[in-house]
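Peer 1: From TrEMBL, for reference:
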DOMAIN    15-63  domain 'Galactokinase N-terminal'
DOMAIN    119-193  domain 'GHMP kinase N-terminal'
DOMAIN    304-374  domain 'GHMP kinase C-terminal'
Amino acid sequence: MTQPNLPAPTAAVLEAFSSAFGGAPDGVWRAPGRVNLIGEHTDYNEGFALPFAIGLAAHVALRARPDRTARLTTTRRDPGRPGHGGEVIELDLDTLSKGSARAWSVYPAGVAWALGLRGTPVPGFDLALDSTVPVGAGLSSSHAIECAVAIALAELAGAELRVEDLVLLTQQAENGFVGAPTGILDQSASLRGEAGHAVLLDCRDQSAELIPFDPAAAGLGILVVDTTVAHSHAEGGYASRRAACELAAEVLGVPALRDVSPADLPEARALLDPTTFRRVRHVVTEDERVHETVRVLRADGPRGIGPLLDASHASMRDDFEISCPELDLAVAAAREAGALGARMTGGGFGGSAIALVPLDRGDAVSAAVLAAFEKAGFARPELFSVSPAGGAGRVL
Ligand code: GAF
C-alpha cells in the first residue's frame, strides 16, 4: 500500500502495520528524541536542564484489540539485534512484570505496565514502530518510543493525562520496568519541545519555560557526533552517580543537591570524600551554567554560549567522570576546527557529543572530527546536524 501524500515515517509505519496485522490502525502518534543543550545529571538532583526536541522521532501506529494481548512490530531490520528481524513480539498485558518483555518491546510494555499501575485500564493493542532516532546514540531513542506509546495508549484508553503525568508515567516505565534509574529530562523534552526553542526545565516541580533558541538564524548549526560507543543507563555508571548524589545530599542535610549553592561548596568539601565532592561540584556548577546559558541566549543569542558548553564538558569529564576518550576527542577536535563550543550530551559513558558550529565551518569541523577519530584508531563516528523541533503529538 503506497501513501504518496503522507510524510515518509507515517507512510512507513502504516505500511509496517498493515503488513503485520492487516488493515489500518486507529491512529499514528509521534514523539521526538532530544539533545540536551546543557544541564546534565541535574534532573534527578531536582535541578535545571535546557534540552530541545529534535526532528528525529519515533512514530507508532496503534489499534486497540478486544483482548489483553499486545502485538508489536518494528520497521527496523537488523537481524543482529534481538527483536529487529521482522518478527511480531507478542505480550500478555495481564502478566507484565520487570523482565517479562524482551528487546525493544520493554518500552511499549513498560508504558502499558505503568498505566496499569496507576489504574488506567489499557486495552490490548497492535503496534507498529518506525523510529529515526539512532539507537544507543544518547539522543533518547527509548523515551521517544515511550512518549509516543504513552500518548497513544492514554488516548485509546480514554484517559486525559497532563504532560506532568505523562512525564512521571514514562519515568515509572523506565525505572520500574526497563530498570534504568533515570530522571525526567528526556521525556519532558520530547513532550514539551517546540521548533526554534529549548525547554528550560525546573526538575523539582516540572515547571517549564520555552527559551528561544534558533541556531540557524544566528548562522550556526548543531553538529551531533555519535561516537557509536554503546552505553546503557540500566547498568552501573549512571546508577552509581545517582547514588553518590543522593548520599551527598543526605550528608549535607538538604533534600536534593539543587539546594546546595556555589557558596556552600567549601563546606561541602570539608564534609565529603574527594570523589563525592567532585560529583557535587559538577551538579552545583552545572545548575549555574544552565541559568547562565539562558541569560546569554536571551541577551546575545546562541553565539555567546560556547564557553558554557565547554565548561560543562570539562565538568563532566573531570568532576562527574562520565565522559570517554571518544567523546573527549570529538569535543576537542570540533573545538580546534572552529566550533564555538562543544560538550557530550545525555547520560554519558558513550553516545554523542554536540558542537555549536558556524555554518561556514560545518564541513571543516566534520572533516576534522572524522580525521581525528581515524588517527586515534576509533570507530568511524556518525555525524549529522539537528535543530530544535516540535514535540510529541498525534499525526494521523
Ligand atoms: C539520561 C537520563 F535518562 C536523564 O534522565 C538524565 O539524567 C540524563 O541522562 C543526564 O542528564 O538521558
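Even glycines carry a Cβ here, placed using N, Cα and C.
Curation plays no part in TrEMBL annotations; they are all automatic predictions.
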Peer 1: In the predicted model, what is the mean pLDDT computed over the domain 'GHMP kinase N-terminal' (119-193)?
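Peer 2: A mean pLDDT of 97 is what the predicted model shows over the domain 'GHMP kinase N-terminal' (119-193).
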Peer 1: Going by DSSP assignments with H, G and I as helix and E and B as strand, what are the residue counts for the domain 'GHMP kinase C-terminal' (304-374)?
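Peer 2: So the counts come to 43 helix, 11 strand, 17 coil.
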